[in-house]
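Engineer: Structure provided below as structure tokens; questions to follow.
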Amino acid sequence: MAREFSLKDTRNIGIMAHIDAGKTTTTERILFYTGRVHKIGETHEGASQMDWMEQEQERGITITSAATTAQWKGHRINIIDTPGHVDFTVEVERSLRVLDGAVAVLDAQSGVEPQTETVWRQATTYGVPRIVFINKMDKTGADFMYSVSTLRDRLQANAHPIQLPIGAEDDFVGFVDLIEMQAHISKDDLGQDWEVTEVPADYKDEAESLRESLVEAVAELDEDLMMKYLEGEELTKDELKAAIRKGTCNVEFYPVVCGTAFKNKGVQALLDAVLDYLPSPLDVAAIRGQVPGTDEEVTREPGDDQPFAALAFKVMTDPFVGKLTFFRVYSGTLNSGSYVRNATKDKRERIGRILQMHANSREEISTVYSGDIAAAVGLKDTTTGDTLCDEKNLVILESMEFPEPVIHLSVEPKSKADQDKMGIALAKLAEEDPTFKTFTDEETGETVIGGMGELHLDIIVDRLRREFKVEANVGAPQVSYRETIRTAAQVEGKFVRQSGGRGQFGHVWVEFSPNEEGAGFEFENAIVGGVVPREYIPSVQAGIEEALQNGMIAGYPVIDIKAKLYDGSYHDVDSSEMAFKIAASMALKNAKSKCDPVLLEPISKVEIVVPEEYMGDIMGDVTARRGRVEGMEARGNAQVVKAFVPLAEMFGYATSLRSRTQGRGTYSMVFDHYEEVPKSIAEEIIKKQTGA
């Protein structure tokens with residue numbers, strides 16, 4: 001199968017936004033106008049084409065970035081839908097990593113919202129060019145110029161309108177194209193029929209003044225144009241367009257367009273802007289990588305004649321075809337049925353079928369080309385962030401880093417049948433999502449799942465029930481406490497058993513002392529003169545390490561502790577590895593009364609973004625949660641509070657913050673370090689754990 005669209009005519013874009021800016025509806029309309037969907041699916045009726053997981057349809061939010069392919073005016077546009085909720089930032093990062101450009105959707109009433117800032121920052125980190133679509137122009141309170149000003153104030157973005165809306169709220173009927181200086185007026189409900197006319201008289205002055213500032217801003221990006229502009233020459237439309245494209249591709253300029261996806265206005269013009277201003281794979285710098293096992297850096301240029309290199313950016317379990325691995329091809333081509341090397345894991349993979357995905361239907365293709373996004377069926381060892389490449393030209397493209405889970409809860413299957421299914425289901429979910437972890441608690445035998453926040457785990461439990469038909473009881477969220485010691489002490493551990501036949505004899509003296517924070521466990525053998533024979537030393541270390549896992553006061557693992565074995569004795573006949581192991585664990589038990597053991601709790605670094613008027617309330621709440629405010633800063637017209645707060649106090653915070661700020665506050669939280677639990681609280685935890 002020959003290549004259908006050239007690299008120059010390919011666009012890989014993402015649609016990014018705050019949770020309710022209308023991102024999914026915008027994607028939906030793009031699919032409608034590009035002929036991929038015959039009936040428009042509405043998010044608030046729960047039938048959107050992109051939101052294909054049941055929970056997404058119920059909650060009306062987008063969780064998984066589905067990759068879809070569409071065609072517009074002889075170009076292929078691959079669209080990745082990204083979630084806008086703070087618990088899913090890993091999905092956003094993952095999709096930004098493989099995009100060449102993005103459309104940032106804003107709500108015309110709110111402008112830049114806090115989650116927009118988060119996503120915008122992530123896009124800046126990855127150097128992703130953006131155009132801005134100010135959506136919901138039909139909404140009460142819609143204000144185009146206010147929204148543009150929030151881009152400049154809150155994001156310090158060099159953003160300029162290339163359209164001016166005609167009317168607003170219920171009177172929004174179209175826009176003035178500031179480059180062509182023509183008005184586009186919508187003539188029907190589906191937005192298929194547009195009339196292009198002269199700019200209405202009452203919009204002329206504003207349109208001319210906006211065009212003037214657009215020309216000036218564009219001229220600043222290009223020396224030749226600047227000279228022409230200063231000499232009073234008129235810039236041609238083609239020069240303007242070329243300069244806007246260059247500025248956008250260099251991430252120095254952000255063109256702004258407007259519309260209402262829900263009312264079908266402005267989406268075709270948005271698609272035109274995607275073709276005009278966002279980069280093709282040829283406009284983006286060649287991707288860098290390393291030759292496995294060396295420090296040698298190599299680049300992969302976009303082109304079908306180059307060696308094959310691709311990045312897997314999403315793994316999903318599909319009810320019909322099994323495991324799907326979404327990947328972006330950076331160079332070369334790939335045929336179904338061929339073999340490639342997973343350079344990250346150093347494994348050979350056979351590519352079974354290759355599918356081009358459209359939100360929830362799929363088309364089988366035999367070849368993918370450079371710049372394409374597709375999904376492969378049948379990959380065994382590939383997970384998110386892995387590089388797939390030609391077996392003779394190995395390369396590892398930069399990988400993605402994922403944060404550790406901050407919240408855990410236990411899940412207990414309701415029946416024996418659920419037990420077996422649950423293990424398989426959790427393994428599949430962990431494969432799809434690198435920020436989700438699962439393990440068995442050795443003491444209680446419970447299965448524990450960990451993730452990035454409460455919504456994250458809610459959705460995992462929901463998927464267990466729906467997709468994998470596993471019924472499970474869910475425990476309350478739990479914090480991972482730790483223990484350590486505050487004073488050094490020398491303690492004895494002696495295990496003697498003599499009752500006919502061969503006895504047991506192990507005897508050690510160990511000095512336990514606090515280690516530096518984060519240094520973990522250190523063991524030192526200071527035996528001289530063979531008072532404890534060399535072959536028993538590893539058993540002493542193993543005995544202490546095992547005992548540390550079971551805790552000293554409340555059964556939580558002991559961290560940051562040194563153990564120095566400096567004396568002891570043995571018996572020629574009765575001593576054994578087991579006897580010394582037990583003696584060592586008894587030494588740790590005896591240290592409890594001498595070493596001043598304490599309980600530690602995880603402390604999260606929390607950043608809360610709220611409008612000024614809620615500051616007092618939020619600060620008071622942070623203090624009430626035993627938090628320590630480290631600093632504050634203004635960000636646009638919002639305030640950012642930076643604080644350290646115990647994780648145990650942060651459960652339910654998303655809901656609490658939402659109600660305190662009428663949904664205008666957002667927060668992000670990452671684990672930072674462990675700190676001692678205040679005595680009164682520690683006593684309660686110990687009592688609960690030990691039943692004493």
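Backbone N, Cα and C define each Cβ position, glycine as well.
Feature list, courtesy of Swiss-Prot:
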- 8-282: domain 'tr-type G' (DOMAIN)
- 17-24, 81-85, 135-138: GTP binding site (BINDING)
Engineer: Other than its own, how many Cβ atoms are within 10 Å of the Cβ belonging to Met137 (GTP binding site)?
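Structural biologist: Met137 (GTP binding site): 30 neighbouring Cβ atoms within 10 Å.
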Engineer: Using a 10 Å radius around its CB, how many other CB atoms surround Ala17 (GTP binding site)?
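Structural biologist: Summing over all protein chains shown, Ala17 (GTP binding site) has 27 other Cβ atoms within 10 Å.
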Engineer: Reduce the DSSP letter at Met137 (GTP binding site) to three states and note it down.
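Structural biologist: Once the DSSP labels are grouped into three classes, Met137 (GTP binding site) ends up as coil.
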